[in-house]
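So that you can see what the record holds, here are the features copied from TrEMBL:
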type	residues	note
BINDING	Arg67	pyridoxal 5'-phosphate binding site
BINDING	Arg89, Ser90, Gln97, Arg305	substrate binding site
BINDING	Arg263, Arg390, Lys455	tRNA binding site
MOD_RES	Lys276	N6-(pyridoxal phosphate)lysine
Amino acid sequence: MFQFLRILSHVIYYIQLDCDTTLQKLTRFIGKCPEDGWDESTIELFLHELAIMDSNNFLGNCGVGEREGRVVSGLVARRHYRLIHGIGRSGDISAVQPKAAGSSLLNKLTNSVVLDVIKLAGVRTVASCFVVPMATGMSLTLCFLTLRHKRPKAKYIIWPRIDQKSCFKSMITAGFEPVVIENVLEGDELRTDLEAVEAKIKVLGAENILCVHSTTSCFAPRVPDRLEELAVICANYDIPHIVNNAYGVQSSKCMHLIQQGARVGRIDAFVQSLDKNFMVPVGGAIIAGFSESFIQEISKMYPGRASASPSLDVLITLLSLGTSGYKKLLKERKEMFSYLSSELKKLADNHNERLLDTPHNPISLAMSLKNLDETNDAAVTQLGSMLFTRQVSGARVVPCGSVQTVNNYTFKGFMSHANDYPCAYLNAASAIGIKKQDVDVFLKRLDKCLKTFRKEAKQEKSINEISDANTATEQLED
């Protein structure tokens, strides 16, 4: 008996010691991302502590309302850590729910941690942000709808062209008419036509323009918009400025552009994807800005409560990584971009193609497919199919002259961000989480596909030559 009590006392001591260590971590966590990531057991303890603050998890709770956090499946309840009530209230996604104190605290903490990481990534003067359970396109729509109340006469949105459907549809869905500004070709790069932007403002009238809708992260040879100059134009004409920063948080260059734009001119809000920047499931975005009151206006525009899943996912991820872990991922991504660039250039040279010169794009690269396109009209799209069937995902092949209609607007040269880009090309990106193995396997499979095309082209040429020779012989005999 004495031996048992002694063992029990040791067990209690170690439990208390472990709890004290865990509690120290929790008390140091005051809404900023911790420097060192937490272990999974600490994160789970933290989430369970939040969950027991929600009324649906009270032992003596008696719910007689239409929404009482009832979940019939235990698997579903465990998947959400029993945080069932979601975030916000019927009139404000950022509001506190009295019967869901834990879920409300989760929401506030997530927004605070994400704000800290945005500052760490380079936008140091950002004032406020919130996580919204919608992807980038719908989040942009929410921003445009908020501006509608501030500018009731406005009908147009100035939009430097980027061939991405959700960007275009976000403006249409909000009820506005996109005014497409074609890019200008500078070397291989497609850049913002600032003169065309300003000329269009003068023609339409500033009071009739809801905002300028610019872009940072994009597929090469398109490069980030000239954000500083656009921000100055917006400030001069008193026009709001919304930035699509979809996967720009992972790029110090994109974040620097936003910071500088806000410093010298006007940027009202910038929107970024959760899955593309923080490696969580699709379905969430961050809306951030330099005016706390305007960001609150956007959050109040969201109708009803919202799912807590995106907030929960990104909070768990950032607590697991810590700032040191996230900075490490950013550093690795930048290193992989340099590696991908140098190796893709070598491969392009070997196949008599070239890596397009797009120094202003910090994430995406483009390799010409000019010889491939001249060999066979269908070869470019066939290359895309070949890569996909060989388990290469994310690579884009862009043929010349593709035409697509989106919501009654016809884009010539769709996917290339220009009506008549000089050549077909292939895109590859160095995004957060990419590994050296990904790059090496991609290059190996791409090389194999291009060699297959070259071999087939030689065989076809030989067959044509033989056929021509036979035809010539027959004509001489006749």
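Every residue, even glycine, has its Cβ placed from backbone N, Cα and C.
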Sorted by sequence, non-Arg89, Ser90, Gln97, Arg305 residues with Cβ within 8 Å of centre, substrate: Gly86, Gly88, Gly91, Asp92, Ala95, Gly304
Fewest Cβ neighbours within 10 Å, where candidates are the binding-site residues Ser90, Gln97: Ser90
Rounded Cα-Cα span from Lys455 (tRNA binding site) to Arg305 (substrate binding site), Å: 59
Residue, out of the binding-site residues Arg89, Arg263, Arg305, whose Cβ gathers the largest set of other Cβ atoms within 10 Å: Arg305
Rounded Cα-Cα span from Lys276 (N6-(pyridoxal phosphate)lysine) to Arg263 (tRNA binding site), Å: 26
The residue listed as 'N6-(pyridoxal phosphate)lysine' CB neighbourhood, other CB atoms within 10 A: 22
Cα distance (Å, whole number) from Lys276 (N6-(pyridoxal phosphate)lysine) to Ser90 (substrate binding site): 29
Arg67 (pyridoxal 5'-phosphate binding site) and Arg390 (tRNA binding site), Cα-Cα, nearest whole angstrom: 48
Fewest other Cβ within 10 angstroms of its own Cβ, chosen from the binding-site residues Arg390, Lys455: Lys455
Whole-number Å value for how far Lys455 (tRNA binding site) lies from Gln97 (substrate binding site) (Cα to Cα): 66
Proximal but sequence-remote residues of the same chain as Arg67 (pyridoxal 5'-phosphate binding site) (Cβ under 8 Å, at least 6 apart): His85
Separation of alpha carbons, Arg89 (substrate binding site) and Lys276 (N6-(pyridoxal phosphate)lysine) (Å): 28
Length of the line joining the Cα atoms of Lys455 (tRNA binding site) and Arg89 (substrate binding site), in Å: 63
